[in-house]
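Scroll down for the structure; my scribbles are underneath it.
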Amino acid sequence: MPAFDYNRVFLIVMDSVGIGEAPDAEKFNDKGADTLGHIAEHMGGISLPNMAKLGLSNIREIKGVEKAEKPLAYYGKMKEASNGKDTMTGHWEIMGLYIDKPFRVFPEGFPDELIHELEQKSGRKVIGNKPASGTAILDELGAEHMETGALIVYTSADSVLQIAAHEEVVPLEELYKICEIARELTLDEKYMVGRVIARPFVGKPGEFKRTPNRHDYALKPFDRTVMNELKDDSFDVIAIGKISDIYDGEGITESLRTKSNMDGMDKLVQTLDKGFTGISFVNLVDFDALFGHRRDPEGYGKALEEFDARLPEVFEKMREDDLLIITADHGNDPVHHGTDHTREYVPLLVYSKKHEKPGALPLADTFADIGATIADNFKTNMPKYGKSFLSLLK
């Protein structure tokens, strides 16, 4: 193996932790969005002592977070180049892609035209058609579905179309076929849904239970990512949390499921104890799913403080030749209008024990700078997009 500047790279994506409106925020109806800033203000100041030491407030002032006189990390912010503000777009861009057609979300449910087509092609009526929790919608509509055979269609805050059906009412094979039809229909640019999910369930009203026969119809990244290059060159690509789903398993050598942010940090810490060469990549989704979309600044702030408190464990276990990168994939300002993501800059903190004089990094024009830096470090094929900042880390 050739010698690398860093043998292991740990990449943490704090899902939706934006750091202020992007220059093109207005185009996305997100003027004034500021996830971190507004949370800190709402709390009368937020306590993030470990990210403070790394240089979080050196990127820009965050209320309650002290500016570091001698930051321990390189710090900066990144602008999203792609034309979207969803999780898949953000993550795919981090790994070297540029997405010009955004995935769509449907906070009001899916357009009548799409539902009508689905009804015609499946031969079944559709009920629901709104954002909902998968268990709550079964309680609400499960009995009606059993009586009528209508499909329960629902979405979430992500770009997803889910179809729930009782296994004794709609046989699995039929449900899977209907989901394939839905997948086909939603590739149309008007709808562009990231993922279609079959959600079979069993049981009686009041006791419905989802079964393990769930099936996902996702999209593979539209081009090769840095993860594909790493895997093909025999490096380890350990995916923690939602990462494997986001890239539809592409370029991944090991996948660890998680139940929460804290579980995600536990799994990341486990990988710090492993001997491997390559990357360990975690997505902490609770910020987004539990607090951003629900517009709960208090809960969001507490979750950030809990995450920050886990960092000393990470620092302690890091080896001299490890690199830690902390960033985000988009914003989700919990005091902004609506319930959708927000178009923002994302923070970039880059830490290693061997850095002698960390400081500011230039503004990144694309999240792909991270992918380019990782590719540069492991001497694999470079992505088409992104500029490596490896040579700036000293």
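The backbone N, Cα and C atoms fix where each Cβ goes, glycine too.
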Identity of the Mn(2+) 2-site residue among HIS336, HIS337, HIS341 (reference: ASP288, HIS293, source: Swiss-Prot): HIS341
Same Mn(2+) 1 site per Swiss-Prot - residue from ASP15, ASP24 joining ASP329, HIS330: ASP15
Lowest local Cβ density (other Cβ within 10 Å) among binding-site residues: HIS293, HIS341: HIS293
Packing count at ASP329 (Mn(2+) 1 binding site) (other Cβ atoms within 10 Å of its Cβ): 29
Count of other CB atoms lying within 10 Å of the CB belonging to HIS330 (Mn(2+) 1 binding site): 32
Other same-chain residues whose Cβ falls within 8 Å of the Cβ centroid of ASP288, HIS293, HIS341, the recorded Mn(2+) 2 site, in sequence order: ASP15, SER16, ALA157, ASP158, ALA289, GLY292, HIS330, ASN332, THR339, ASP340
